[in-house]
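Presented below is the structure to which this report refers.
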Amino acid sequence: MRPVLVVDFGSQYSQLVVRAIRECGYYAEFASPSISAAECLALSPIAIFLSGGPASAYKDNAPKLDEEIFNCGIPIFGICYGFQLLAQAFGGSVKKANAPEYGPADITIVNKAFFSGQPDRQTVWMSHGDSVIRAPKNFCILSTSQDAVLSFCNRDRTIAGVQWHPEVKHSRFGKHTIKAFLSSFAAPNWDPEQTICGTVDSIRKTVGCKRVLCALSGGVDSVVAATLTHRAIGDRLRCVFVDHGLLRLNEREQVEEYCSSLGLNVSTYDASDCFLSALSGIRDSEQKRKVIGREFIACFSKLQERFDIKPHFLLQGTLYPDLVESGATPGGATIKSHHNVGGLSDNLGFELLEPLKYLFKDEVRKIGLQLGIPKHIVHRQPFPGPGLAIRIIGEVTNKKLSILRAADAIVRHELRDWTDIWQCPVILLSDVQSVGVRGDSRSCGFPIVIRPVSSDDAMTADWYRLPYDVLARISGRITNEIPEIVRVVLDITPKPPATIEWE
């Protein structure tokens, strides 16, 4: 499949560019700014998108693209910094803006090249401190402001760019612009629901005659990965559900029940004592993730002794956002280690099999429904592999886990009909003693944080506006039913700047 390459220059919105292109029906993936012209040509991309970024295109140390790429005949679309980079490369002029622009801005379209069917006046999302003050010679200006060029294209419309961020939802017609550019060069080639056969074939070719061990968490990602792999290799897949003692209330029984209904042969391995012992005394969130990753591998190593033939591959439901946050994409910075990415030991003893690693959550859900997986499994709220360990701020103990399980069960029960909530982590601030009043006496206890969020892909998220009566009912139940908790707090921080999980 020919990709659209997204060269990431460090924008906070780069992941949204990939997602927006996919939503337009084209397969997109990241590329490093250091990619050479030869490497580009080898991939035969439909087009190249240049992302935004914090640098200034006119500075000597600014990240650049291999200039030979501009001579390869590959269509190129620049966004923000990428737009300025194109202006600089083709002889235009970029300077520091008289005033930076951050947030919504109204623009006027003066040439409909990629804006057919869009209003002449529209609101877009800006985030820049530099401006293009002169377009390259023989380029058509498509929109302007009082003192800057806001978009342009060359005469044959193969090189184009915009100063704003069309990938951000606040740019209402942004996806229309992206699709208008791409549709000039190729028909759509991406539908996650139509990738099932290709993914199954790829798994079959990769695995060959070897065996696969699946680290099944019970979430939609691992269930879809297991179902695809089972289609590819049948009984050579062995699924193991590791009970690490960090699960929610009754979760083990629920996972065993619905995996059995899907025809997956699942063995349960109780390793709760091992995990809790390894986590003893550890308070740092990154260290928790690393320890949990190592313990998972230790479990799988022990499990190998039960098999007549050792599995060669370890199957995981790693998704694209996991790779991005773990710094595993070209030029990416590590935001947090994921137990199934950066938390794994280099000495696995297995070769990783990650058939979903270039997909977003909503794409996986579409595939899950196409595979016939029940809706209540497909739309199950995401739950982190490290479990409740990263929802306890501080050291993990059995007592704290019991408190958090009870609070989490209350929240999940009260929000059971709120299907448009992407996720609602419940966090125990176990390092904080908060003062309360019970009866006529002073009391002390833990605060609990609830974090309901709405999202499409976990790359960005906003806090979910629950009605006050629902919040009051949740708070009342938690503080009345769990004596160790005296305070309930609502987290209203979007992502960015905060990640969805606290740790």
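Glycine is no exception: its Cβ is also placed from the backbone N, Cα and C atoms.
From a predicted model like this one, the values you see are computed outputs, not experimental measurements.
Per Swiss-Prot, active site, nucleophile is recorded for CYS80, and the stated evidence type is sequence analysis. According to Swiss-Prot, the feature active site maps to HIS165, GLU167. The ATP binding site annotation in Swiss-Prot covers SER217, GLY218, GLY219, VAL220, ASP221, SER222, VAL223. According to Swiss-Prot, the domain 'Glutamine amidotransferase type-1' annotation covers 3-189, on the basis of sequence analysis. Per Swiss-Prot, the feature domain 'GMPS ATP-PPase' maps to 190-380.
Locations of recorded Swiss-Prot features on the structure.
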residue : record                   : Cβ within 10 Å
CYS80   : active site, nucleophile : 26
HIS165  : active site              : 25
GLU167  : active site              : 28
SER217  : ATP binding site         : 25
GLY218  : ATP binding site         : 21
GLY219  : ATP binding site         : 20
VAL220  : ATP binding site         : 24
ASP221  : ATP binding site         : 23
SER222  : ATP binding site         : 24
VAL223  : ATP binding site         : 28
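Separating the Cα atoms of SER217 (ATP binding site) and the residue listed as 'active site, nucleophile' is a whole-number distance of 40 Å.
Confidence annotation: the domain 'GMPS ATP-PPase' (190-380) carries a mean pLDDT of 84 in the model.
With respect to the residue listed as 'active site, nucleophile', the closest of these binding-site residues in Cα terms is ASP221, chosen from GLY219, ASP221, VAL223. Secondary structure from DSSP puts GLY218 (ATP binding site) in coil.
Cα spacing between VAL223 (ATP binding site) and GLU167 (active site): 30 Å, rounded to the nearest whole number. Following the DSSP three-state reduction, the secondary structure of VAL223 (ATP binding site) is helix. The separation of ASP221 (ATP binding site) from GLU167 (active site), Cα to Cα, is 25 Å. If you take the Cα of ASP221 (ATP binding site) and the Cα of HIS165 (active site), they are about 30 angstrom apart, rounded to a whole number. Excluding SER217, GLY218, GLY219, VAL220, ASP221, SER222, VAL223, which define the ATP site, the same chain contributes LEU216, VAL224, ALA225, GLY317, ARG380 within 8 Å (Cβ to the Cβ centroid), listed in sequence order.
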